[in-house]
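Peer 1: As listed in Swiss-Prot for this protein:
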DOMAIN    1-127  domain 'tr-type G'
BINDING   ASN49, LYS50, MET51, ASP52  GTP binding site
Amino acid sequence: GTSQADVALLVVPADQGGFEGAFSKEGQTREHALLAFTLGVKQMIVGINKMDATTPDKYSETRFNEIQAEVSRYLKTVGYNPEKVPFVPISGFMGDNMVERSSNMPWYKGKILVEALDNVEPPKRPSDKPLRLPLQDVYKIGGIGTVPVGRVETGILKPGMVVCFAPTGLQTEVKSVEMHHTQLEQAVPGDNVGFNVKNVSVKDVKRGHVASDSKNDPAKAAASFQAQVIVLHHPGQINPGYSPVVDCHTAHIACKFAVLEKRLDRRSGKALEDDPKFIKTGDAAIIKMEPSKPMCVESFIEYPPLGRFAVRDMKQTVAVGVIKGVEKKEAGGKVTKSAQKATGKK
């Protein structure tokens, strides 16, 4: 979820003990901020909540300032510029400063929550890049056929285009594109669409596959990829050979930590050690990773939404990462009849 967001709203409690608990080493709040930054969410708003429950005085400016200072310090270490992060004192329970300015905190002169949200810069949608559309689902619709569904992350999808699906290399023509039951001339980044493809069985395309333009840097399967990874929670040490599940865009596939190349300083990114024997909670590292099954990923620089991932094991997020480079497999996939017609290949 975090990897799809344009802005992060970090909610921290202001009540006595509540903030300390949430913001402790064991608390989730720090992890949420780190996760957001690592996964490319560059805009942050902090809501300091439960202002109606501060002690000894309700709606305490002193408590607000104390929390703002501590959270700012942490956000700076993560990589955010606290000067650019609005801190809004709110009460979700009482409704203070959510959509209307509260008379309980006359000392606060900044934007209220809804204004801070309205002030977010919409990110530039990369429609000039080649098409990448990770599939969320594939439906079989009577009388229409196979309809893959997903969000256009980069580029443009149009009827008549011959798309290539990675990691299989399957090529076929797009007959039509729909969003919310309306036919589109073209779909652009951010659009959640369904598109109809001919001569393709539901078994051939799956969630986690990526549609791309067969004529413009088509997506391919990754033999391996190099990633910068931050370990958030692991009870022991992570050795080469560790194979947890990696969630990247809509794909959910076990990947092996094949080679631990370097251990890094988490804040500066400088190398601390080559070929470490293991890494543990709190470490950052450059790792060569190998998918256990065919998988399509991209470097973060070229295609950000396909270049960041979460590592999951033991029902929690063990690590997050950003892909630096991909070693691609040359795909020799099936070309359907409609693709041959559309491209004039016999």
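Each Cβ is built from the backbone N, Cα and C atoms, and glycine gets one as well.
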Peer 1: Can you check what DSSP calls LYS50 (GTP binding site), collapsed to helix, strand or coil?
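Peer 2: DSSP assigns LYS50 (GTP binding site) to coil.
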Peer 1: Beyond ASN49, LYS50, MET51, ASP52, what residues of that chain have CB atoms within 8 A of the centre of the GTP site's CB atoms?
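Peer 2: Along the chain, the qualifying residues are PRO13, ALA14, ASP15, ILE48, ALA53, THR54, PRO89, ILE90, SER91, GLY92, PHE93, MET94, ASP96.
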Peer 1: Just jot down the residues in the same chain as ASP52 (GTP binding site), at least 6 apart in sequence, with C-beta under 8 A of its C-beta; none if empty.
Peer 2: LYS58, TYR59, SER91, PHE93, MET94, ASP96, ASN104
Peer 1: Mean pLDDT, the domain 'tr-type G' (1-127)?
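Peer 2: That region's mean pLDDT is 90.
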Peer 1: From the DSSP assignment alone, can you count helix, strand and coil residues within the domain 'tr-type G' (1-127)?
Peer 2: 48 helix, 19 strand, 60 coil
Peer 1: Which residues, sitting 6 or more apart from ASN49 (GTP binding site) on the same chain, put a CB under 8 Å from its CB?
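Peer 2: Correct list: VAL11, VAL12, PRO13, ALA14, ILE90, SER91, GLY92.
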Peer 1: Counting every protein chain present, what is the number of Cβ atoms, excluding its own, within 10 Å of the Cβ of LYS50 (GTP binding site)?
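Peer 2: So the Cβ neighbour count for LYS50 (GTP binding site) comes to 21.
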Peer 1: Excluding near sequence neighbours, so keeping only residues 6 or more apart in the same chain, what lies with its CB under 8 A of MET51 (GTP binding site)?
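Peer 2: ALA14, LYS58, TYR59, SER60, ARG63, PHE64, PRO89, ILE90, SER91, ASP96, ASN97, ASN104, MET105 - these are the non-local Cβ neighbours of MET51 (GTP binding site), listed in sequence order.
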